[in-house]
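Sequence annotations record features per position, and here TrEMBL assigns region 'Disordered' to A:1-20. If you look up TrEMBL, you'll see A:26-49, A:101-122, A:128-147, A:159-180, A:200-222, A:243-260, A:289-311, A:317-335 marked as transmembrane segment.
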């Protein structure tokens, strides 16, 4: 091999390795899947809408579309946020099992919001959001603190163990509050399983700035995650301040998870599997994994929601449930196709 | 002297592992730190690489305390190869080596021709150019260690600190790697500081040898002055004869061991 052939391909821009697709091809696939998901989300549901209704003034179809547009946008945003948060958590903890649900962030946000309704009688979405952040942030700090006990600091295994324990503990508190408080239960029942239906534009608009900041913090941190992936010693040798790096990216994750949970309730699985799917396709560099995870997370969540609308008529299955139902076969397909890429 | 320690104490808890050590690293030469397990040699190296904040004293790089300098600026001068770096699964050689460019790139700065040149040079110097497109997990131990050195070289630092770079390598690959590092000193004038376990290899490749014992420096200087039978006994607790290496003329430690002691087994001498 000559020097020039090596240099033609820069490490930052070019994925390689066996059986991997190129980034442009994957990006094209993503655009296609997103398009299908959005169109399906607009047209399919309890009532099918003809594409022609889009332009037919005052038709029934157009009325339905008015509720489906915010639902679609919310699904895209929540899915992107959760997948992005999951990919970042996997990088921060160097643990392939990390995900907002597994590390207790979802449960923390959920519990905080149940408290908001039950104890503080709060009804405004803005206040929910702050409770969501607080819950996710407190959960993150708690899990990290508990995992830091003992020798060796917060190792990936201890983090996941602490997260799982916290998630289980907090979830039972949530259940306890809901079982004893009928009014709160009614408010929170649908939200608790994760749903993007029945939300208006106001909800989407309220969450947008927080999601934007979260996405910015995490996406800019992509290269930092690539350096952290080499181990803390090497990352620090390369001039990273690993504590500050983790805090900044962690803040982004809390914003993404807290907002997504406040808007839609806990949607699990997306944050866990989407980054792995993306890694199988383009390798483990976070500069590629983060943006593509956001895209595929959005598409998968929306498709799961569409399937949930029609699978069991006349009722709808919530996206929180459907994400796992749709996600598992997709995940298995990817696992069989390529060896699962690690971190 | 660009790198020096001034009565530095280092440790992880209350008790210092390295106890008020002062030393100077000669520029452009290879310095090797040796000592028994747990003597604090890796801790000292980590302290010099600013991975460990001193309990007291300071490590000085270019006239200023290394902990008071911006860490990214330090990373342009001082490279580190830790004992067990982690290669992300599925990463290719060229991709991994490229990550050594981290301190030279801003958060949003694009990959530049200078980055390309640095990576190419690093691959060439370590003879890993033909491995460039290979996945790191599939390389042999010797190749992988070369790739990590290449990554450190892509960082383009004048000083390079390595923590036991030859661990897990068979003897041929140990020599191979040490030859490579020695070559860097010759071609690039890189100041190399490394922790080695093998006293004979240390004596052969070091210009400057630092022997540590119980968190302090037991002896420092040219290998021929540092490695004596008495010192091997006091530093490593090993009875040995020190002879001249027939190939390099450096000191060669020949352990005696329990079964060859004249008193215990008079016949063993002839065996």
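Cβ coordinates are placed from backbone N, Cα and C, and glycine is handled just like the others.
Annotations in TrEMBL come from automatic prediction, not curation.
Beyond its flanks by at least six residues, the transmembrane segment (A:289-311) meets 23, 26-27, 30, 33-34, 36-38, 40-41, 44-46, 71-72, 75-84, 86-88, 196-197, 215, 218-219, 222, 225, 267, 270-271, 274-275, 277-279, 281-283, 317-319, 321-323, 325-327, 330 of its own chain at Cβ-Cβ distances under 8 Å. The stretch from A:101-122, A:128-147, A:200-222, A:243-260, A:317-335 that makes the most Cβ contacts under 8 Å with the transmembrane segment (A:159-180) is A:101-122. Residues 100, 103-113, 115-116, 122, 154-155, 158-159, 161-163, 165-166, 170, 206-207, 210, 250, 253-255, 257-259, 261-263 of the same chain sit 6 or more residues outside the transmembrane segment (A:128-147) yet have a Cβ under 8 Å from a Cβ within it.
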